[in-house]
Amino acid sequence: MWLCALSLISLTACLSLGHPSLPPVVHTVHGKVLGKYVTLEGFSQPVAVFLGVPFAKPPLGSLRFAPPEPAEPWSFVKHTTSYPPLCYQNPEAALRLAELFTNQRKIIPHKFSEDCLYLNIYTPADLTQNSRLPVMVWIHGGGLVIDGASTYDGVPLAVHENVVVVVIQYRLGIWGFFSTEDEHSRGNWGHLDQVAALHWVQDNIANFGGNPGSVTIFGESAGGESVSVLVLSPLAKNLFHRAIAQSSVIFNPCLFGRAARPLAKKIAALAGCKTTTSAAMVHCLRQKTEDELLEVSLKMKFGTVDFLGDPRESYPFLPTVIDGVLLPKAPEEILAEKSFNTVPYMVGINKHEFGWIIPMFLDFPLSERKLDQKTAASILWQAYPILNISEKLIPAAIEKYLGGTEDPATMTDLFLDLIGDIMFGVPSVIVSRSHRDAGAPTYMYEYQYRPSFVSDDRPQELLGDHADELFSVWGAPFLKEGASEEEINLSKMVMKFWANFARNGNPNGEGLPHWPEYDQKEGYLQIGVPAQAAHRLKDKEVDFWTELRAKETAERSSHREHVEL
């Protein structure tokens, strides 16, 4: 007992000097964890960092394709000072993404495991005091098939804004989203992992200096889609209090809207399993090793589009599904009924979402920048698996976006805008309007800046490509070298906006450009240099696509009635 008291006295003394000599130890409901202190250049306040804290049992054996279960308790002091393994995924794609997106000075070497349900915590709190700082829980992107927690260092955001940052991992790909669309494997396992992590935060974050009554979930791309799903899910009620969806929401056709059962059969067949019944497929796939499932995953070529085969037979991603549990009914119904979590909500897109990085990842044949309408129509149809645009709609879409030019380079740019609108712009506005109409505070932004850290291969004129805002949100200029004063100030402003929103449900604050609420006037903020308010983001595009889809639905139901007669 006296040893514990002595340790506590010395820890208090060290912390008061700002240079702790003893590593931080914190109690969780499962056992004690030992972390490390990190200091950001220019700040005396150290950040206590805990890497690889388990929030659930390893999802192995019978827990593959099953909801996560709470972690087993431990009786020793668990060292949580090194990054956890990433969830199983394509290692080459993971490395490519980390190189492009990370705010770290150098890439953290990757290890992969099915045992991957861990989270990282960055807390600037004095752990000897009863601090109650706002908590920001990050859900990474990567198309629900790649990436992990080690891409994001939470120290700059934690120390600049005095918030507790938590970065979670969740099952990906086949492991995270395999669905037979019935009780044998409902799917959405990765989203259920996210819910489990939020339960862990509620139970434990107070001991890390965080306030469990002030939790903001935020995520980008598939992480933004995940945030959007959690906003709709009754399972996540009261687990968070604000939400930020960056560059994707539930209606992104890449990640939601396709039948999962044909994909399940294809996966099972590639694994050498019988596909006669759901039970047979699930039982067989549970017997496969991690490496055998990875081999199947690589054969499926997730994260790329097949521009040669039948697009209706191609599955570039494993989708979020309506499972009756996480999503009890269709998102459209949940939004119409206003039966979702009406927390303050920030939704945003980047100016050129489909500018360079996603076409490159998906192998779009656009490198020559020489496009004509016929080729554009062909590419749109081949991209059906990620866009869900039927052949009937393609001529109208091509005419609307490309009809005003004959120049191949301009046509290419407009074509990229078309796809960006389908995947990101239009769904984001639709979700924001639904949230606003339910009476919840809503804010929108469009990010319009080219970070200095992006690849030299990218066209110079491209401002606000997919994921560009990550460098500002995560304080990359304070970890990487070469940022200008302008870029440093932009990052400070963006971190302040995000943290203000986490604190108050409103991004505005002293010394910041005014960010209008997204009300009936549809004000939003253009984030760039300078940042300025504007109105009606993508409203004409939303009108066009809403009308076009409604016409198609009406024709389909009229045809169905005719057939029935």
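Including glycine, each Cβ sits where the backbone N, Cα and C put it.
If you check Swiss-Prot, you get these features:
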SIGNAL    1-18  signal peptide
DISULFID  Cys87-Cys116  disulfide bond
ACT_SITE  Ser221  active site, acyl-ester intermediate
DISULFID  Cys273-Cys284  disulfide bond
ACT_SITE  Glu353  active site, charge relay system
MOD_RES   Ser378  phosphoserine
CARBOHYD  Asn388  N-linked glycosylation site
ACT_SITE  His466  active site, charge relay system
CARBOHYD  Asn489  N-linked glycosylation site
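On the structure: features taken from Swiss-Prot.
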residue: Cys87; record: disulfide bond; contacts (Cβ under 8 Å, 6+ apart): Phe112, Ser113, Glu114, Cys116, Gly148, Gln169, Tyr170, Arg171, Leu172, Gly173, Trp175, Gly176
residue: Ser221; record: active site, acyl-ester intermediate; contacts (Cβ under 8 Å, 6+ apart): Gly141, Gly142, Gly143, Gln246, Ser247, Ser248, His466, Ala467
residue: Cys273; record: disulfide bond; contacts (Cβ under 8 Å, 6+ apart): Ala280, Met281, Cys284, Leu285
residue: Glu353; record: active site, charge relay system; contacts (Cβ under 8 Å, 6+ apart): Ser247, Gly420, Met423, Phe424, Gly425, Gly464, Asp465, His466
residue: Ser378; record: phosphoserine; contacts (Cβ under 8 Å, 6+ apart): none
residue: Asn388; record: N-linked glycosylation site; contacts (Cβ under 8 Å, 6+ apart): Pro253, Gly257, Arg258
residue: Asn489; record: N-linked glycosylation site; contacts (Cβ under 8 Å, 6+ apart): none
Here are the disulfide-bonded residues: Cys116, Cys284. Which has the lowest count of other Cβ atoms within 10 Å?
-> Cys284
If you draw a 10 Å sphere on the Cβ of His466 (active site, charge relay system), how many other Cβ atoms land inside?
-> 28
